[in-house]
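Step one of this worksheet: look at the structure below.
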Amino acid sequence: MKLLFLALLSLLALGPSLAARRRGVRWCTISKPEAAKCSKLQQNLKRVRGPSLSCISRKSYLECIQAIAAKRADAMSLDAGLVYEAGQDPYRLRPVAAEVYGTEGAPRTHYYAVALVKKDSNLQLNQLQGVRSCHTGLNRSAGWKIPVGTLRPYLGWAGPPAPLQEAVANFFSASCVPCADGNQYPNLCRLCAGTGADKCACSSKEPYFGYSGAFKCLKDGAGDVAFVKDSTVFENLPNKAERDQYELLCPDNTRKPVDEFEQCHLARVPSHAVVARSVGGKEDSIWRLLSKAQEKFGKGTSGSFQLFSSPPGQKDLLFKDGAQGFLRIPSRVDAELYLGPSYLTVIKNLKESAAEVEARGARVVWCAVGPEELRKCQQWSGQSNGTVTCTTAADTEDCIALVLKGEADAMSLDGGVIYIAGKCGLAPVLAESQRSEGGSNLDCVNRPLEGDRAVAVVRKSSAGLTWNSRRGTKSCHTAVGRTAGWNIPMGLLFNQTRSCNFDEFFSQSCAPGADPNSNLCALCVGNEQGQDKCAPNSNERYFSYAGSFRCLVENAGDVAFVKASTVLENPDGRGTEAWAKDLKLEDFELLCLDGTRKPVSEFETCHLARAPSHGVVSRKDRVQYLEQVLLDQQGKFGRNGPLCPGKFCLFQSETKNLLFNDNTECLAKLQGKTTYEKYLGPEYVTAVANLRQCSTSPLLEACTFLRN
């Protein structure tokens, strides 16, 4: 009994510390100096009554990544190259806070990977074969992935399964690549200065490890070129006269002074980031800890402990010494979004054979929203003999994210979503030009873009309903964020009321993409089984133009916000679906902004606004190729193509408006409207920006962070 009592006392004594560790953040360190700094941070946080911190020791970044994934640690800061590795299976970590560089007046969450040489050398970037090289570490961004990716054409590397490290070892006469396997590839560790087991070590035990170590390798004369970041030489040589003894190698085989890194660099790289688990990652706790740490011990503080400083002889412990602070990364950002398409392309190029790289560049990956679009896309892919392949996502924003990450190339979007895509850095490729009477296919491709009219349509029998009396009625919308169904009518409503409480203006609505538990989803019906209610894809039967009009036709709503062409395409036998078969155009009318009503045929004088055409978007580096492929594809499968309707039609759908609008005559050239601002027009861009005061999208928030 006495032993049991003592055991209980022991557990009670341990309990608070165990609970504190669960609540607190466990930071992973990779060396004794890092562990010592972590311990000091822990003590100083305790002194200022900050968040709880404990320190976990491992031997390498990989072991720390594994510990975080296994819930034996919670966080650490990683170079972008390691952020990529940590974001892959089986770890699936994500960046939660970015280190901020630059100055207080001009902060930035990126840096530039550069190739640094001594001024008295005669080297150019295309003359590095056979020289001695200094690297920050294996698989790190500025020191390995970027330079090796840049030099790939000269390496004589056929791609996997041939080892990349072997190709690099044979390319340079000697190197120091900390973390490399010196037994298997001795040339990669030949220049390293560590002794015994510390030679080529993956930590500061190797004097030439990290940015400052790679620079020291060059400065000491061990190497001829150092692959580092733009600030490395400034941090190690405060004296300008000393810095002037070094120059940068530029991709165009010229050289520039070290302060011209924005014009002479190998790549722009996202800054180091603190990573955590994607699920159950303690993101809020980590951010509270970082916020308190930078407030109490960051730049400009006077205490003896400095968060962004390392003891003499050490560099970049826990965080970069040159960091100014942290910025929280929006929750929508995963490792691939954080790194961006250019950096991801470099990484993919290092994982694929030359043939695979070429094949990937020749393919067009279309992003289909939902299962119905995917089925049509797969039909297209089969008929295109693999020129077009398909991927899918649940909604348009997820598709945009796939395009940003290089996992997809293109999709066609409503103008409101083109706004988000443009803010994220994508560009228009071709526009959906509406079907018109007469005119050849060539005329259509080169025809000036007109767009469509956004209208408010009601049943003729609801005689008392006007634009001025729509408060309290039931409304049908194409989807939240879409042009005719949301941005235009709700933008007008916001201008009228200056209120964002849209769910209080109408009694009930169906606005796919809204909160499923709100009034804005009350009229939505989901699929035939009642699932996916209010989903922003074709699983919701009241989604998009035809769905919004169907919501009105089936008496769910009193007013539907659609395009004029939507109303014209469905009545009088034009609509093929069961709900549209007995409709008559004369049974519907339009609400005019002046409070009157007019027949649908008079939409030119009774509409809410002109809506920009749907358009195909892609990454800027793919626009020219996408235009070429899509014009070729519509030459075969377009409205006048020889294989439509026999084989496949781009602009026909089993249901409605899959991949493209069914009333598209052709994909037309942009007539100079090559940016999202020019494509949408200044008035529409301003209207959407104003409406964004009421709500933002997680993707738009993420892109705003990533592009600053």
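A Cβ is built for glycine as well, from the same backbone N, Cα and C atoms used for every other residue.
For the Fe(3+) 2 site, Swiss-Prot lists ASP414, ASP452, HIS614; matching the candidates TYR545, TYR625, TYR676 against that entry yields TYR545.
Binding site for Fe(3+) 1 per Swiss-Prot: ASP79, TYR111, TYR211, plus HIS272 from the candidate set HIS265, HIS272, HIS477. Looking up CYS367 in Swiss-Prot gives a disulphide bond whose other cysteine, out of CYS390, CYS399, CYS424, is CYS399.
When the candidates CYS28, CYS38, CYS217 are compared with Swiss-Prot, only one is recorded as disulfide-bonded to CYS134, and it is CYS217. Bond annotation: of CYS377, CYS390, CYS551, CYS592, only CYS551 is listed by Swiss-Prot as forming a disulfide with CYS476. Sequence-distant neighbours of ASP452 (Fe(3+) 2 binding site) (same chain, six or more apart, CB under 8 Å from its CB) are GLN434, ALA484, LYS563, ALA564, SER565, ARG610, ALA611, SER613, listed in sequence order. For ALA142 (hydrogencarbonate 1 binding site), the nearest neighbour among the recorded positions CYS134, CYS189, CYS399, ARG482, CYS534, judged by Cα separation, is CYS134. There are 27 other CB atoms within 10 A of the CB of CYS534 (disulfide bond), with all protein chains counted. Cα separation, THR136 (hydrogencarbonate 1 binding site) to TYR211 (Fe(3+) 1 binding site), rounded: 5 Å. Candidate disulfide-bonded residues: CYS64, CYS200, CYS250, CYS264. Fewest other C-beta atoms within 10 angstroms, CYS250. The Cβ of GLY143 (hydrogencarbonate 1 binding site) has 31 other Cβ atoms within 10 Å, all protein chains considered. Under a cutoff of 8 A between CB atoms, and with a sequence separation of 6+ in the same chain, the neighbours of ASN495 (N-linked glycosylation site) are ASN690.
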